[in-house]
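Novice: Structure incoming, see below.
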Amino acid sequence: MRVNRRTFMQGTAATAAAGMFSSSAVAEEPINVASIHDLSGGLDIYGKPMVDAMTLAIEEANAAGGLLGRPLKLINYDTQSNMQLYTQFAQQAALKDKVAVVHGGITSASREVIRPVLDKFKTLYFYNTQYEGGVCDRNQFDTGVTPAQTVEKLVPYAMKKWGKKVYVIAADYNYGQITSQWVKKYVIENGGEVPAIDFFPLDVTNFGPTISKIQAAKPDFVWSALVGGAHISFYRQWAAAGMRKSIPMASTTFAVGNEHIVLSPDECNGMLICYNYFQDLKNPVNEKFVASFLKRFGADYPNITELAMGTYQGFRLWAEAVKKAGSIDRMKVIEALETGISIDAPSGKVTIDPPTHHCVLDVHIAEVADKKLKVLEDFAQQKPADTAAVCDLIKNPTDNQQYVIKI
Amino acid sequence: MDLVALLAIQVLYAIASLALISVGLAIIFGMMRVINLAHGEFLMLGGYAAIVATSHGISIWIAMLVVAPIVVGLIGVIVERTIIRFLYGRMIDTMLATWGLSLFLVGLTTAIFGNTTVGISAPLGSFQIGAYRTSVYTLFVIAVAAVVLAAIFALIRWTRLGLIARGTMQNANMAAALGVNPPRVYAVTFGAGAALSGLAGAVLAPVSGVFPTIGVAYVAKSFITVIGGGAAILSGTVSASALFGTINQIATFVTTPVFGEVALLAAAIILIRLLPQGITGRFFRRGL
């Protein structure tokens, strides 16, 4: 038989078509779910618990029969705290592994690296980290808390407790830059002042001059939005200089990477934080979740973090939407999520806010106490008001940018 | 006034820590013209040695001042005997080999300890200067640097070992002709340089924590200090540390840590442009 271009094309087309039919005929072909997190490098303190939570969520879903009668397959990509790998793995997930959804990204910088990639290749994206807010993109859902949900609560609480003069120190990239502006905004709205905001690249470990500067400014308390392993040395040096007892501290990032366990109680007791989830929350859903988490990963698991819970809840929301849509098609799942889907999560009720693609959820203020996080006050069902002020994806579905507040 | 005193301590501390992290490199580079790109990893290993020893119940002082230098010194001797000694006089090859060694050590420690930051709390508490507080540990680091530099000076200046080392450094062939065994001098010197790096890494561990890739943060600064200092080991290290430490710390205090680093690097570039042989290429030429 002579093979020319035409017969060859017909042949391959037939094979491809057969392949397509056979894949829909075999219903058990797994649904690929991508998890793109830093499992090594300076940000692994955040990434590891997130992937553990994802693993548990997928195993639970598979034990319950999978989704749409198909099992789920988790594909982990370790980005090694390296931004270039984010681009590479996002492309690989979308094009080669053809995943139904990508969960991932830790720092805001990494999110902004993979967001355009996943937009371009039309792959649904869940960003599950608490962040500075303002992302408005129909392809993306954000299950973490934003400043209007946490900073807005913690600033007045801390100011009432300690005083009105707040010195802000933050990591030097978009998260720290924007979050510190939110802190300043809420401090001023509550009648306080911010004498200075200092930014630190992620690899800075010598905070001596800064500690002197803070002392010279004499604030009532310090607000930390420091990020990553190297910045932990700030808390050590702060305590070593004897400052912990004279100037207290509040933070939007502390304990997210289990810093309260790495440091000794003497270095961080009394610090105030505000998040969506704490392992000690008292409700039946959480007690069941903690029990199965510890059963899966060992009773000595240090702490189930805010980011781990964000990831768990992000996956659950997606799975709920897939069930509702009866499909893993991207647009159908987005539309199902935009009906304002809601789950009973370990942190309480979590609902997608359709215009912003962020979440309405409970937040809690807690205090670091001897390697534990003691919940002090609860705030039910907080809306993502910061993003809502600028973003409405129902009215402008083609909007695609991160808004930055102006002060 | 109190603030000036506090700043002075911070500046001294910056100088001391620069001198500590550079002196091991300066010895290895000054004596053997070996560019040791695994220098940062020697510091990192010193940090881990101290932390592991402390967690096994050894007093933090013994862990830092005794265990860490011995452990890293031994590693240095092993490295010299197995890798470096075949490469003397081949500068590019030693760079390649030590770079490989650096990657290997990072990989090895990551495999053993995981890629997370570990640390020990700084001992000694804090003290008051007027309205300000700072940690006593800062003073301890300054003292360690002073003692180390004084000890090196005494060793090189007044002992027979120092004389042999200086002779070998000036002219290895002539020293050999006079009955000195240069390979042995090199091994001892490399071990001593590594031990000092281990000591520095251990002493700084409570301040900055330790993680497998922390060497990167140290290695650039120590190279800049050594190159800026020039040929003389001691006076070069001290003068370059004093210059760069002061600039870095004051710029950091006045502006931000980012500009502090920028100021340090800018100063280094200008210095090398004006004094290509380093500070001791023009000043303190007769220094050690």
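Here the Cβ of each residue, glycine as well, is placed from N, Cα and C on the backbone.
Annotation source TrEMBL lists transmembrane segment at B:6-27, B:34-52, B:58-79, B:91-114, B:134-156, B:186-211, B:223-244, B:250-275.
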Novice: Looking at the transmembrane segment (B:186-211) and the transmembrane segment (B:34-52), are there 3+ C-beta pairs under 8 A, with each pair at least 6 apart in sequence?
Specialist: yes
Novice: Could you tell me whether the transmembrane segment (B:34-52) and the transmembrane segment (B:91-114) have 3+ CB pairs under 8 A, leaving out pairs under 6 positions apart?
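Specialist: Yes, since the transmembrane segment (B:91-114) and the transmembrane segment (B:34-52) share at least 3 Cβ pairs closer than 8 Å, they count as touching.
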Novice: Determine which recorded stretch among B:6-27, B:34-52, B:58-79, B:250-275 has the most C-beta pairs below 8 angstroms with the transmembrane segment (B:223-244).
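Specialist: Selected stretch: B:6-27, with the most Cβ pairs under 8 Å.
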Novice: At a threshold of under 8 Å on Cβ distances, which of B:6-27, B:34-52, B:58-79, B:134-156 pairs most often with the transmembrane segment (B:250-275)?
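Specialist: Top-ranked stretch among B:6-27, B:34-52, B:58-79, B:134-156: B:6-27.
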Novice: Is it the case that the transmembrane segment (B:134-156) and the transmembrane segment (B:6-27) touch, counting contact as three or more CB pairs under 8 Å in which the residues of each pair are 6 or more positions apart?
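Specialist: Stretch pair touches.
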